[in-house]
């Protein structure tokens, strides 16, 4: 199959050709670890996990290196640690553990490397020294700044007019800047802030600017030029634009990454997510009501480059879909080895710029094929293997049911008692009471199923 990816840099969908097929290199901007990750943070994690899985299938697990950084030096971190009266290290360790657990619950593989910014200060200092030596950066009042006019191609990624870039850069036009667009590579630390020995002969301790961190970590773990750089569309400018400027000028190279991929924004019930609107929701909060696999499928139901409208209806539909798919596979194991046509069909669809909605539509078709009364267990195993490529159906039906029950607050004994009351009401022909009990349970996401043998079973749909 041919992998085609949309490249933000070229504004086109092109065939992917790795620089080195023996080592495909992927870098994705990771979290700033100061608080629980929200559902918008989950989108790039899930999207690029699917890409990681697809690359591993195409080139081999030992021939792909996925790096996702951890930003553990930031003004938000400093403020939150002070607010909670704990050390910065305690805060970042705690928050990273939350993030790691949340993404595992979403079915995401761990990246090969998760570098921390604070462990790469030397690389940042080395890059800054290079940029100053080559005339692309300068020292001013204990700051080091990148001089944007020194790079004629600046703005090629975002393609914004200069005045729009200046408004969107969210930088102070300090009097010591040579140009209003110049951005900080290094800044002085005040008392109580983390600090390190400064580069370029600056006497006072300082700390890195945001953009230099990713340039340094990608260089350290992937080299001067690598294959794919990913992140949310909100990072195109200024973050990724500035990364390109720093890295290209430091190494005098034609590119930093061959392909730049960006996932779209997330809305909640049609509105921008914000605490002021009362619709701000963390991954952890959602995991108290839904299994992570449900959230994953709901996220993948929209193409990654399109805005996604996160709704309870969409989550409910994903839950019902997984209920059906797990009924189809039962407790079979996925088919291993090569030659699975179902998996190849899903890979082909994902190969078209990670077209996950198309892949999910085809999984519905494959589920119908595997559900047919004449379907063999081999078809069910193939169907499960195909879904595995998207990080889905990694459990058996028995495990799924148990996890589904554990994800929400239900009392099986209380449900059994209500079912007994309903059966008694039906036997007494008190259908109004029987219907009321069914509706009461349905409002909690519990669906009753009257079986041919006279028994009643139930399942969660949320």
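The backbone N, Cα and C atoms fix where each Cβ goes, glycine too.
Taking Swiss-Prot as the reference, the stretch among 20-30, 31-41, 42-52 described by the feature motif ''HIGH' region' is residues 31-41. Range annotated as motif ''KMSKS' region' by Swiss-Prot, chosen from 272-276, 277-281, 282-286: 272-276. Once Cβ contacts within 10 Å are tallied over all protein chains shown, the binding-site residues 29, 214 are led by 214. With DSSP states grouped into helix (H, G, I), strand (E, B) and coil, the motif ''KMSKS' region' (272-276) comes out at 0 helix, 1 strand, 4 coil.
In the three-state DSSP assignment, the secondary structure recorded for residue 239 (Zn(2+) binding site) is helix. Long-range Cβ contacts of residue 239 (Zn(2+) binding site) within its own chain (separation 6+, distance under 8 Å): 29, 210, 211, 214, 231. Across the structure, residue 243 (Zn(2+) binding site) and residue 275 (ATP binding site) are spaced 30 Å apart at their Cα atoms. Of all Cβ atoms in the shown protein chains, 26 besides its own fall within 10 Å of the Cβ of residue 243 (Zn(2+) binding site).
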